[in-house]
Each structure stands twice: as structure tokens, then as C-alpha cells.
Amino acid sequence: MANVSKKVSWSGRDRDDEEAAPLLRRTARPGGGTPLLNGAGPGAARQSPRSALFRVGHMSSVELDDELLDPDMDPPHPFPKEIPHNEKLLSLKYESLDYDNSENQLFLEEERRINHTAFRTVEIKRWVICALIGILTGLVACFIDIVVENLAGLKYRVIKGNIDKFTEKGGLSFSLLLWATLNAAFVLVGSVIVAFIEPVAAGSGIPQIKCFLNGVKIPHVVRLKTLVIKVSGVILSVVGGLAVGKEGPMIHSGSVIAAGISQGRSTSLKRDFKIFEYFRRDTEKRDFVSAGAAAGVSAAFGAPVGGVLFSLEEGASFWNQFLTWRIFFASMISTFTLNFVLSIYHGNMWDLSSPGLINFGRFDSEKMAYTIHEIPVFIAMGVVGGVLGAVFNALNYWLTMFRIRYIHRPCLQVIEAVLVAAVTATVAFVLIYSSRDCQPLQGGSMSYPLQLFCADGEYNSMAAAFFNTPEKSVVSLFHDPPGSYNPLTLGLFTLVYFFLACWTYGLTVSAGVFIPSLLIGAAWGRLFGISLSYLTGAAIWADPGKYALMGAAAQLGGIVRMTLSLTVIMMEATSNVTYGFPIMLVLMTAKIVGDVFIEGLYDMHIQLQSVPFLHWEAPVTSHSLTAREVMSTPVTCLRRREKVGVIVDVLSDTASNHNGFPVVEHADDTQPARLQGLILRSQLIVLLKHKVFVERSNLGLVQRRLRLKDFRDAYPRFPPIQSIHVSQDERECTMDLSEFMNPSPYTVPQEASLPRVFKLFRALGLRHLVVVDNRNQVVGLVTRKDLARYRLGKRGLEELSLAQT
């Protein structure tokens, strides 16, 4: 753990800087806890001799890691450490994004120079970017689908030929070894590239994108390298036979594509195409990432409307009508691109019948009709889905806690992934080998039928579920005719795949949980339908396919707790509006029942990572708290004209300041300093880099006036303060912040209630909210962590502890 008082060595320091140093150095209290209410008394502002650095009130300091000395630059991802992450902690390592434009003089001057034609051009560029997002997301989805189809097909053909060969000769243990080895080999490569190259590419990426859109800066989450590892990893995971799907990671992939395209450059490749420079800020990037997430859903399921609703329900924290149109446009372009390219690949250029990575097939409303009497049955299935989803999430919670504590090294993570791959193949082989459920072989009933000990013209039905990609297994459970599976086969498959999927989610591989959830639900849903037909004998229950559909919706809803978007996704993926109402009932019931026991899977993992995630509303019992009780103090304030040495020292000491600094000024020597504006750390970094000093301007040493473009060129990887050399003479210079600060920051009185502060902060996407008294003096600063630390628990309002990492 780094000491917060660690200083950066500079070329020189004068006596005034040494006098100011005690205010800049704060040592963390080992084991110091955070008080229940972070109250701040009316502390007087303190000023160091001959400097303009202010501290207001009191603060409990915390320890930070070395890599966080400059929060505005993404830290290099270290190997995971054994840290006490859980849902009762809030990590200090996460920083916020700036979703509120800083309306300083540079910004206003640029906006005033833009005429109506230029604004129309900017709007056209937004639509062009959305089209590019849709096209590239669709192409990435095509690449994943084609590679998975070919590699998985090759693997299953080799294993099938080997099993057919050794079934007659004996020695099926060699077939088991071959299957387990192939699976382990693919997963080994997929896990190594994630664990050692880009850990943020693990999982589906949906929790990370939710956090990004919420305003939390997740390092490396939208990097080009992350996209490459994500795509490669998900291919290897699916081909490796894990209980995963390739659809969930498409949401992350689409988001990365959107973040890259919208900036008109690649910082990873160090290529700047000099286009779309206007959009190089967090506010614009956020909107395009929302479109990318929707395009990913659209490409995965062929559901453009569902993609828009998913982005609204699970992703985008900020919304407007124009954004809705652009997101829908990107989603439509994405699914059309995928459809068109796959039609060419399959040799049917004008047959646009493959809108998504998974095609659930058409459900014939006439053959699969439902009546009003089945509504209670569907609701009961929703209850089952909610309970099973809660069990799934609870088991995965304890498994994740175990991994955080004991499997935190990359080598151990790779070993676990390979072990799961081998166990998955072994369990599948044993179940297929032990099953005597033989069914007549029908044309096209399955891609790789295994005969084993069945008679000629028959195949092992357990293999139809296990010996296939998960997407094809889902379609098989939906559409295979009645009698294709016996109850024992479905029961065993449900039980085994449930635990395999639970064990698999959270591995250090790129994979999603959508398809495994659908597959589990389709299996027990089909079993539910078969049991119902046995009990009643009525023809109305004859087709188990509709119960497989309802079970799939119930299981997925019980795990991820989405209602609106999942209803539309299922309707679009099945090309059937008839079942819209029962699907909605099932999903709502599953969510209500599941929420009684535990959070949804994505929200649970966000909490386990101790992310300061802000929900839509403040806790319902928080009206008794005020801004004065939740704000952070002391606040580091700067003057309009500030010494360079003071600014350098402030930026070097991240333990005692935030990433925004109120700018204050005295009316005269007898009056207290009043708030004049707010300036960000990133802006100060750029000013220091370009040496925008008053003395240099007076001597004519500044070649040109700083423009907004200079700040955009530095975005998003602002250089660390350690990389900027400031000489002893330059430390004595002065910096005028008037032109660069935001002169109208959002403020609240210290008596404002927590819900009101929360609503203002959350709705406007703020990073800092200044708390002032009735004389407009700064008394505190509200940040994301100050609001996220209050959460409604089972026993009322809870305050989370701050993690020392």
C-alpha cells in the first residue's frame, strides 16, 4: 500500500512551498474507519502562509495505490490482488467521468462561432457515426459467428468420428480424453489472453458497460485491445465447450466499437484521422456507447427494438428523444449488416433470414396456441424461474467471493478455467454414455447425431443437448417435436447444466450468461410441459415447445432481472407477437420473486466490485440526511491567479483532494473568499503541459492562445503530473485560471436533503457538486462516492465503508 504522503521530486522548492507542504501532506490512519455520518462542523477555512491553498472542515484520509497518483490517466492494470471486496465496501480506485460540459470561456467562444450550417454538419456526423457503429458491430458479429461455426463444427466432427469408431471397438475412454483435451486447449488459450493481457475483457462486459454509462471510469473498458481480446476470447470459450454464450459479449464489443469510431482516432495505435474531433469528450462518447450497446444486442438476437430498450433499461443513464432515434438507427443497421453478410456466406445472397447470431426459429401461433386457462400456469413458471434465478445468483455470489479471496492470481485463474472446461466435457460424456434415451433420427433434427448404443436409425437424445453449441441446443429444445426427450433426460440436463453455468460465470474468460440461462430454462420448461400433459391428458398441453419458451424467459429473467427489453427481445427473436403478454407476465413474476431474495446477477457483480454505482433514485429513507452530513471535507480551493508551485503540489497529492477544485476569490482583505468557479484536474494538467503562465504571456513567450482543441487532443489519456517538468523558476510563476474554469458550477446549500442532492447530481451527470453556505463560501464538495455510500439495506439505511485500494 502506498503512503499518501509520497511526494514527487522536482528540480527545486522554495521556502514558501515548504511552508505550504504541511497542508498537503496527510498520513492515513491505519485501520481508520469511516464515521457513520460524515458530518462536518463549521470549520474555518485555513490558508497556508503566502499561498492560496485553502482547506475547509475535516476529512478522514485514505490510502491510495501508486498507480492512482493521476486519476485522469487510466492506470496500468496490475495483477489482481487479494482485497476484501464485497457489497458492503466502496472502492476508492474508481473515478468519475465528466458528463457535464465545462462551460468556460473557451467552450462558449467555440459554440458562438458555430453557425447553423455547422450545427447541421455536426448532427449529420452523429448519424454517420451511428451508421458506422452498426456496420462494424454487424461485421464483428459475423466474424464471431462464422469462426465459431467452423471451429466448433470441426471439433464436433472429429469427436463424433472418434466416438463412432471406438463404440464398436471399445476404448471410449480415449474419446473422453480427446474431448476433454480439445476443450481444455481452446479454453486455455482464451483464458491466458484475458488473464495476462486484458483482464477487463472477462465475462460478458455488461456490468462494466452499465458502470461506464452510469458515469464510472472503468480503466481499459473501451480500448481497442479490449475488443480484440473480447472477440478472440469469446470464440475460444464457445468452441471450448463451456456453458457460455457469445451473445452477451456482443454488447461490450459494440460499445468498444462505438467509443473508438466516435473519437476519430485510436490512441492504442497512435493514429489520429483528424475527424470527429468535436465528439472528444465524455458526454458525446457516452451517447455513442449507448448506441453501440444497442447495436450489440441487435446483432446478437436480431432485435433492433429490443436493443434500444435494453440500452434504456440496463445501460443508458441519460436519455432524450433524438438519442433514441440514433440508437434505433444503429441497431437496424447492425442487424441488417449481419443479415446481409451471413446470407452471402451461406450462399443465399438475397435471402435475408438470419437477422441475429441466434435464430430461435418461428413459433407457429396456430399449432402453439394458448388459452386464458394457461395464464396461471405461466405465472407459476415465472415463480419457478425467479426462485431458480435467485438460487443461481446466490451460489454465484459465494463462488465469486471465494475467487476474490483465493483465486486472484492470473495463473490460478487460468488453471480454474481449464479445469472447468475439462469437467464440463467429462460430465457431458458421462451423461451421454449413461443415457439410454434413443430417439428416431429425423432429417435435420441435430447437427452432430451420436448413435452410441442406440439402434440403427436412432440417436442419443442427451447428445442433442450436450453435443452441440448452446445456441443450437436451445433451438432444439424449442422446436423438436413432442417425445424427442424423455423427462429423465431433461431433468438430468437441467440439474447438471445449472451448476455448470453457475460455476462458469465469473471465470477469467470472455463469455455471456444469456444463452446458458435460456438453455436451462428451456430444458426445465419443456419438462414442465411434459409433466403437465401427463397430469391432465388434455390436448391443450400437447406441445412442450411453448413451455420451453416460457421456461427460458423465466430463467433468464430470474437471473438478470430484465423485463421490458427481454420481452421485446424474445418477441423479435421468435418472430411471434402472440406470446408477448405471457412472456411479459413470466418475466415480471420472475423479477418480483427473485428480488425478494437477492439482486440481479449484473447488479450483484457491480456491488462485489465495490463500484460507486448510482441508481435512479436516492434511498427512500434518506430524507433525514443533508448535504452537510454527506459532503467531503476539507476542500482544496484555488484562486483565480494561482502560483504554479501550489498547483503542482496540489495535483501531486491525490490523497487530500478531488479531481475538481473550486476557484475562490476575496472581494477585499476583510471579506472571506467566495466561490467563483470550478476547474478540473485534467484542465490544470493541460495548462501545465503548455506552460500557460502569466509571466510567459507578458514576455511574449507564449506562441498562441490555448484553444479547446488542445484539451480534446489530450483526451482521454491526460499525462500524469509526474511527466510534466516544472523548474524552480517556473514554480514562482502565476497561472490565471479565469479563462479555463467553469464560472457557473452547480451548487447546493448545506441544508439540502440527500434525495434532492442525489436527484440533481444523478440527473445532470455531475462529477462534482459544490456545497456552499448562505454567503456563497465553499464548505464542502459532493462527489459520486459520497452519494453511492448510502444504500438501502434490509435493516434500513446503510453507509458503506471505503475500501483502502
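Using N, Cα and C of the backbone, Cβ positions are placed for all residues, glycine too.
Residue-level annotations in Swiss-Prot identify, among Ser60, Ser91, Ser102, Ser60 as phosphoserine.
In Swiss-Prot, the entry for phosphoserine among Ser447, Ser473, Ser801 corresponds to Ser801.
The feature transmembrane segment, as given by Swiss-Prot for the ranges 247-264, 607-624, 625-642, 643-660, sits at 247-264. Proximity of distant same-chain residues to the transmembrane segment (127-159), defined by a Cβ-Cβ separation under 8 Å and at least 6 residues beyond the stretch ends, is recorded for 175, 178-179, 182, 186, 227, 231, 234-235, 238-239, 241, 246, 250, 253-254, 257-258, 261-262, 276, 279, 288, 291-292, 295-296, 298-300, 326-327, 329-338, 341-342, 345, 357, 447-448, 467-469. Within the set Ser204, Phe514, Tyr602 that the record links to chloride, no two Cα atoms are more than 12 Å apart, and one pair reaches that distance.
The Cβ of Ser204 (chloride binding site) lies under 8 Å from the Cβ of Gly248, Pro249, Ile251, His252, Ala511, Gly512, Val513, Phe514, each on the same chain and at least six residues away in sequence. Of all the binding-site residues listed (Phe514, Tyr602), Phe514 sits in the most crowded Cβ setting, with the most other Cβ atoms within 10 Å. Annotation note: Ser204 (chloride binding site) sits in a coil segment as assigned by DSSP. Mean model confidence of the domain 'CBS 2' (741-799) amounts to 91 (pLDDT, 0 to 100 scale).
Counting residue by residue with DSSP, the motif 'Selectivity filter part_2' (245-249) contains 2 helix, 1 strand, 2 coil.
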